Amino acid sequence: MKFKLHQFNKLRGRLGSLSDVERLPDFSMDTPNIFLYTTAGCIPNLTYDVLQKITTNVFPMQYPLNTLYRITEAIKLYKKALHSFVGQPEYVSYCCIQDPLYSFPRRKHKLELFTLNTIGGIEFISYEKYMEIMEDFQPDIYVSPSDCDTSIFSSTKRTCNSVNITNRWFENVYKIHESSPILKNKGLIAAVAGGYDLMLRERCAKYMSEFPVLGYLIDGLFTDEIAAHEVPIDSVMKIISHTVNFLPEERLRIVHGSWDPETVLKMVKSGIDIFDTSFPILNAENGRALLFNFDVPNLLDDDVKLRLHGEENGVKEETSIENGDSDIVDQQGSGDNPKKFKSSTSANRGNTKIKCENRFSIALKDTRYFDDLTPLMENCSCLTCEKHTKAYIHHLLCTNELLAPVLLTIHNLHHYIEFFRKIREHLKKQL
């Protein structure tokens, strides 16, 4: 597995490619790009056939271990790789540890064991056990275990301990990786810990950069019970911008989480290569359709403008973000005091998916769409927009039909894939 950096500019972003997968020699993917989020081995709301109608491109699949832990014994007895077990052999498999879309109560680690929040309860796993599972799964890419259960509220002592433990675990994991005939040719991703402490991030990044791994996951930006949406973006960007300075330019950089498009653009400019698709899935699960318009020139210039069409709390919005200004101005506001709104999120605690309300999407359950016979988005070529209307999806949501999240997932994934395609197009023109 190889990552090749083609062009980069520290102020605008990077262009690269991921290729040379041992079992898929023809696979190649340009970056910045996405890994497809899955839970229990499947993309939520989609069958394999429906996925082919969204895109025929072969994106890597993101498999969180905590959603698969209950079937680890079955996969071991199956004696074939995870991608074969879930019926996706033509896709690159990427194994991480925690699901970015679920909220769980926090648990303390036990000595050399890390916490895995599964749907069946809390499991404590050693790094040796984790590597045994990876040998059974045979993923093309996998993340090293880490003690990254930190957030912006974590103490310096807790964060320092997380770095010490993560570094110690990684050294042992790397030895197992190099000596394993199954894993030594797989792509190993080193998790960079350090919470929101710049010095600790620098220390962990410098340590991890000494090992010849495929890339790095900037981990510990939010915990299982603190959603990505609830973290101040300025604090996140400060950590990412600082951390990447101590990571080798020629290696892959990954960030997990359901970050909104504006934050994704900032991360791309900072040098992040890979994101997951938890954001479009999260919106679909909450009955929302992505409607931001990203077809603008100079997308990643300093005067970033991202045209938005969305709504929040039943209020129609149409706004433009310029130079990082994220306020939403209600177009019905008049005079010198227009109404302003902030994007908001709420997270249900305890094994439930995080709810979201944001200005990049519309809530189709709103009564205004009862008789709206227009597609979700004009000029969108997805299956949902070509064949269905807002009124129909509104009806499906109000009657709790299972087809509603399916149609929204089709649209949101298609829109998100196009979003990253546009990012790469603009980077090619500017770098």
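The chain as shown is numbered from 1 upward.
Just so you know, glycine gets a Cβ as well, placed from its N, Cα and C.
Predicted automatically and left uncurated, TrEMBL annotations should be read as such.
Not measured: the values here are computed from a predicted model.
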Which of these, His394, His395, His411, does TrEMBL list as part of the Zn(2+) site with Cys380, Cys382, Cys385?
His411
Which residues of the same chain, at least 6 positions away in sequence, have a Cβ lying under 8 Å from the Cβ of His411 (Zn(2+) binding site)?
Ala284, Ala289, Leu290, Leu376, Met377, Cys380, Cys382, Thr384, Cys385
Using the recorded Zn(2+) site (Cys380, Cys382, Cys385, His411) as reference, state which further residues of the same chain have their Cβ within 8 Å of the centre of those residues' Cβ atoms, listed in sequence order.
Pro375, Leu376, Met377, Ser381, Leu383, Thr384, Glu386, Ile410, His414, His415
What is the Cβ neighbour count of Cys382 (Zn(2+) binding site) at a 10 Å cut-off, with all protein chains included?
23
On the three-state reduction of DSSP, what should I expect for His411 (Zn(2+) binding site)?
helix
